[in-house]
Amino acid sequence: MSINYIATSKLPTPWGVFSMHGFEDTQTGKEHVALTFGEWQPSHAILGRIHSECLTGDALFSLRCDCGFQLQTAMQNIAEAGQGFILYLRQEGRGIGLLNKIRAYELQDAGANTVEANERLGFDADMRKYDMIAPMLEKIAVTQVKLMTNNPRKVKAMQDLGIVVAERVPLQVGKNRYNEAYLKTKSTELGHMMSEHHFNDDKGN
């Protein structure tokens, strides 16, 4: 895999001005983004998140998942901390693409859960890969991470690439009546680390 750095610009947001660093995977043509806020020493553990693209949740305000809520909360947490990063990876639908994601949603509307829907379409439950994060983190001078995630696969992916995960920071937000079953499936079948308190908290309903 060859990841080329392209350019950096400012990105004003409701939580402050981030820097947006663009990267291109020369093998797939996919474009990935690193958002950074503040400055740091490479030897310090930096608050960050690996976030896979979710058009429906991030841009269209879908309540079927927790992705948009997690992205906004991660950006707010980083701004409040004064420093941090988000790697925004173009891996829509856990790696199956937007149109296949819509096909999977159609199956879910008929009763399948998120894992069953992927498998009925001939995909694994999670098709994402994380090889691209190593050169992206190298460019933004991150070697140790306080990782905002509920997903153990992301923790392992970083560790396998030699990146120190100094701390896992839970990101349990966005539960509502439309996504509660989806979140439970992620917990029971994909191993996402979510507390019972998250499922018992009715504030998002």
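Quick reminder: no glycine exception, Cβ is built from N, Cα and C everywhere.
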Binding-site annotation, Swiss-Prot, GTP: partner of Arg49, Ile50, His51, Ser52, Glu53, Gln70, Glu92, Gly93, Arg94, Thr149, Lys154 in Thr26, Thr28, Thr114
Thr114
Return the member of Glu53, Cys65, Glu92, Arg94, Thr149 nearest to Asp126 (active site, proton acceptor) in space, with distance defined Cα to Cα and candidates limited to these binding-site residues.
Arg94
Using an 8 Å cut-off from the Cβ centroid of Cys54, Cys65, Cys67, can you name the remaining same-chain residues around the Zn(2+) site, in sequence order?
Thr56, Gly57, Asp58, Ser62, Arg64, Asp66, Gly68, Gln70
In whole Å, how far is Glu92 (GTP binding site) from Cys54 (Zn(2+) binding site) when you measure between their Cα atoms?
5
